């Protein structure tokens, strides 16, 4: 079935608490990710009843030794010295058919020693959101954790109202977080911190092993992955919503989809999370927050760099100072590709910023605009439409494309690789959740998943999911749930 290993347990009991999932009354398989199951070599012959027992936590597989991981974190800028998995159980690690190692984690699987009075459960809505959103992000080409299954529990959970309960099975390259490092750094446990860093290097950056400056290079690599991740978020219009350090993956993957949402009309100040009152995690602020989170990681690494704290700071500071310029280079290159620019010139940054300014002023939809610009290269009616919306800018952009001398079909191919036809629109996600909460069915979710798994292709049903809601998400809010 699944051959579990448990390498994280070898770090020692300071890193986790042993914890078993709490059995549920009547597990039922709601969603199953067949392509991912095939990648993980899960036998096809297992029936839904058996899968529901396993991925509800009711039945443990041989070799699985569940734990709740310990970590701390900065939440909205304030440090909390102990958080940990309060409603999740790491079942262990498995290798897929290509030899890649994955964590297998249940969320909503019952209370742990880190629950802080919570029930350890998850409502079906947030579980469904994470499944749909993570699959959409994967198809869009964004580094992300993924969901293998959603199992309903047959039990109610009590939130703002009484809701059906569910357990979601998440896989990730690891669940190592900035907050994991903060947990030990805050306690001054430098030996444990070194073990953790060595383990993370072994798991994610093995090429650094043995280097005399491996911990400096480690920070550099993590920063690089974060820059790549945030750039991908900006490319597709993803707003994470809760970029706390305990939600910052050292593997450079999107994790913890709780209050996430997708950008509609372009505005860098857009926030949908109900708890982000000060707009700390607004769409346009995500790179700055990532830099802030990397600074927190750097602080944890200081005792591993040099016994003299000031010297350690001097060694790491250049990486943090360079973050903004480094991000901007990657971001501008990505935005250039969205506009079909095969090689950037100094003047192109102004071209990019001018378009974003125009989108903001005109309250134009981010995804639709780039989709239509892509289509305009082979459709005169769409070109005329975009010229009407963008005015002189459209002609300026077309002149720049002609100037670079690249065949327009090649340009359009480049643009389509960057610009999806559709994204997981907030109102479609909410409709799928509402259907499931009210009827227990996932018809809308399955139809939505079908098109979201091909975001760069024009399927028969694609047009049904492209348009933003009539109110432009004006009053839309998201809430933490999983």
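Just so you know, glycine gets a Cβ as well, placed from its N, Cα and C.
From the candidate list 213, 220, 256, 267, the residue Swiss-Prot records in the ATP site shared with 84, 86, 87, 107, 119, 120, 170, 177 is 256. Candidates 84, 87, 119, 170 (binding-site residues) were compared with residue 246 (active site, proton acceptor); those inside 10 Å Cα-Cα are 84. Long-range neighbours of residue 119 (ATP binding site) (same chain, six or more residues apart, CB within less than 8 Å of its CB): 87, 111, 157, 158. Taking CA atoms as the reference points, residue 170 (ATP binding site) and residue 247 (Mg(2+) binding site) are 14 Å apart. For residue 84 (ATP binding site) paired with residue 247 (Mg(2+) binding site), the C-alpha to C-alpha distance reads 11 Å. Within the same chain, residues at least six positions away from residue 247 (Mg(2+) binding site) with a Cβ under 8 Å of its Cβ are 73, 177, 179, 240, 255, 256.
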